[in-house]
Amino acid sequence: MSRHPAEGAPHEPPRPQRTPRMSRRAQRPPDEPPRRVAVTSPRTAAARRPRYPATREIDEQTHLGEVYMRSLLRTQFRLAMFVCTVLGCVVCGLPLLFLLIPRLREAELLGVPLPWAVLAGLIYPAFVIGAWLYVRQAERNERHFADLVERP
Amino acid sequence: MSLTAVLIVVVAAVLIGAFGIRVSRTTSDFYVASRTVSPLWNASAIGGEYLSAASFLGVAGLVLSFGADMLWLPVGWTGGYLVLLVLVSAPLRRSGAYTLPDFAEARLESMTVRRAASVLVVLIGWLYLMPQFQSAGLVLREITGAPRWAGGLLVALVVAVNVLSGGMRSITFVQAFQYWLKLTALAVPLVFLLMAWRAGGAPGLSPQDAATWQVPLAGGKEYALYSTYSLILATFLGTMGLPHVLVRFYTNPDGRAARRTTLVVLSLLGAFYLLPALYGWLGRLYAPDLVRTDAVVLTLPGRMVGGTLGDLLTALVTAGAFAAFLSTSSGLTVSVAGVIAQDLLKGGVRSFRIATLMAVAVPLGLALQARALPVADVVGLAFAVAASSFCPLLVLGIWWRRLSTAGALAGLFVGGGLACAAVLVTIVGGPYEGPANALLAQPAAWTVPIAFVVMVAVSFLTPHRVPPGVARTMVRLHTPEDLNLDRGDWRPRSS
């Protein structure tokens, strides 16, 4: 295995052990076009696999890691805002309804005045159902995020 | 008989406190113990600590006095947990913070913000403790004729002894038991009351009450619409800022469990709050003379059932009321004393002892001096202060990266300061004339928006004061614990 004379020059960075094929290519005259090689594996697989797992992107706070984190925060925040908006509409709407539609104040539901049936009864199970739906969706979002960043 | 019931509850609390020493003492014990506790027990413990004299006695009293508008109070106290669930619970548990000042320090990386949070925790705790002592005085006077200060002093002493001996705090099962005791103490007598009501021919309200008292926004209080909205805002947003609630979230093993626990808390509170409104309604029917006294829950069994059974039921209700004072006061005192000892004094056992005395003595003094406001109203003021200081800090801290140290500090100062000023003016002076009274007695509607605006605006003006580790903190707050991620190495200072 012979060495190209230029390789020993001081401006060349030190190279690791080379294969015989590499050294043969180095011996090629500069004007000759590079040798054609057959691609035996599609590049798609290589492109899809990230260099690191996404958890490492997040740990090192790269741009990609930030994108992952922002997407998680945005999903969870949207969910939270959705619940809060529904809650706000119900809770702030009720006094307004009672104010604007006096008939509602005196209506009855199964013999109980409507405001009492709602405020002292029905609203509590409604809270629990809302909370249950929220917990289910929030855990689902977290599972999606975990699948995303832990994908090999 | 009622006195015997009170004595049993008090002695039981002291004994449990004394034996609790050996059970567990440190934060990490608390934490380790939690691993064996299911969400149901954890949630019962939160409910046990949360349901105070205001819930047990105050709601029924206010409903009796002011009618349908007061139904919003328990709705808000329950709904606050829904807001807490969606905005705060899991990230707060994941932050690893043990107290609100811990969270402030972890998120904003600033000791100044931590101190400001500590001062607010102490103020809110005192404001919450004061009506507990006042109500204890009321209850003891009701059953023995003792002067008003005696009951408050008794509860304060028991709590102080208890906290100083190191008990109560970590025993999840005791607090959990308190919830079920309180539920039973309200539910069982109610069954008998309803039976008596039916046996009496199921009478309805007087036509005048049916036209005004029973109808929302139809009289009773001035500026009812403003007051209703302000009350809704304070209770829904204030729950997340109560010092003794947050500590309990730490007992969840992870953020997911914190969410599930909150869901159970919501169910338990919903079940409990079905009861006081019925007491208020029955009270309007059978004891309309008890307007503005908070005594309706204690008086109804004697009046409607009577005899030995009536005495037994009264004893049960009284025991429940004392359990409510003791559990809430103990939880609050531990939280307040912990914060005083660690952040305002030097720390260590000696500081904790001094801090406990301070935590109990100041609200006791206030309770003896201040004019007698309805207990639920004063607790409502504590919620207003929490909603205008800690709510913006938590919500913006958890969801907004650009919150700066200066912004957080300014928001806490302006929001908390305005709310505290309104509270002070209401408790010391007042009642006032015209709209000023409504604005001061229910400050949340204007102090909460101001606090949010100040926090956001100052943060925009001081972008260089955004804490450097915010990205890491966000990872810590929001990612599920089972992912292998770098979450920084911040730990709460052990207490």
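Yeah, the Cβs are placed from backbone N, Cα and C, and that goes for glycine too.
Automatic, uncurated: that is what TrEMBL annotation is.
Per TrEMBL, the features are as follows:
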type	residues	note
TRANSMEM	B:71-92	transmembrane segment
TRANSMEM	B:112-129	transmembrane segment
TRANSMEM	B:149-167	transmembrane segment
TRANSMEM	B:179-197	transmembrane segment
TRANSMEM	B:229-251	transmembrane segment
TRANSMEM	B:263-282	transmembrane segment
TRANSMEM	B:312-340	transmembrane segment
TRANSMEM	B:352-372	transmembrane segment
TRANSMEM	B:378-400	transmembrane segment
TRANSMEM	B:407-432	transmembrane segment
TRANSMEM	B:444-462	transmembrane segment
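Segment contact holds for the transmembrane segment (B:352-372) and the transmembrane segment (B:112-129), given three or more CB pairs below 8 angstroms at sequence separation of 6 or more.
Counting residues 6+ beyond its ends, the transmembrane segment (B:229-251) has Cβ neighbours under 8 Å at 27, 30-31, 33-34, 37, 42, 45-46, 49-50, 72-73, 75-77, 79-81, 83-84, 87-89, 92-93, 97-100, 103, 121, 124-125, 128, 172, 175, 258, 261, 328, 331-332, 334-336, 339, 380, 382-387, 389-391, 393-394, 438, 442-445, 448 in the same chain.
Most Cβ pairs under 8 A with the transmembrane segment (B:112-129) among the ranges B:263-282, B:378-400, B:444-462 are made by B:378-400. Within the same chain, residues 39-40, 42-44, 46-47, 50-51, 55-56, 59-64, 70-71, 74-75, 77-78, 81-82, 85, 179, 182-183, 186-187, 190, 193-194, 197, 296-297, 300, 304 sit at least 6 positions outside the transmembrane segment (B:263-282) and bring their C-beta atoms closer than 8 Å to a C-beta of that stretch. Listed by sequence, the residues of this chain that lie at least six past the ends of the transmembrane segment (B:378-400) yet keep a Cβ under 8 A from its Cβ atoms are 52, 54, 58, 73, 76, 80, 87-88, 91-92, 100, 103-104, 107-108, 117, 120, 123-124, 127-128, 130-131, 134, 230-231, 233-242, 407-408, 411-412, 415-416, 418-420, 422-423, 426-427, 441-444, 447-448, 450-452, 455-456, 459, 477. Outside the transmembrane segment (B:71-92) by six or more residues, the chain places 50, 55, 59, 62-63, 103, 216, 228, 231-232, 234-240, 245-246, 249, 255-256, 258-259, 261-263, 265-266, 269-270, 273, 276-277, 376, 380, 383, 394-395, 398-399, 477-478 with a CB less than 8 A from a CB of the stretch.
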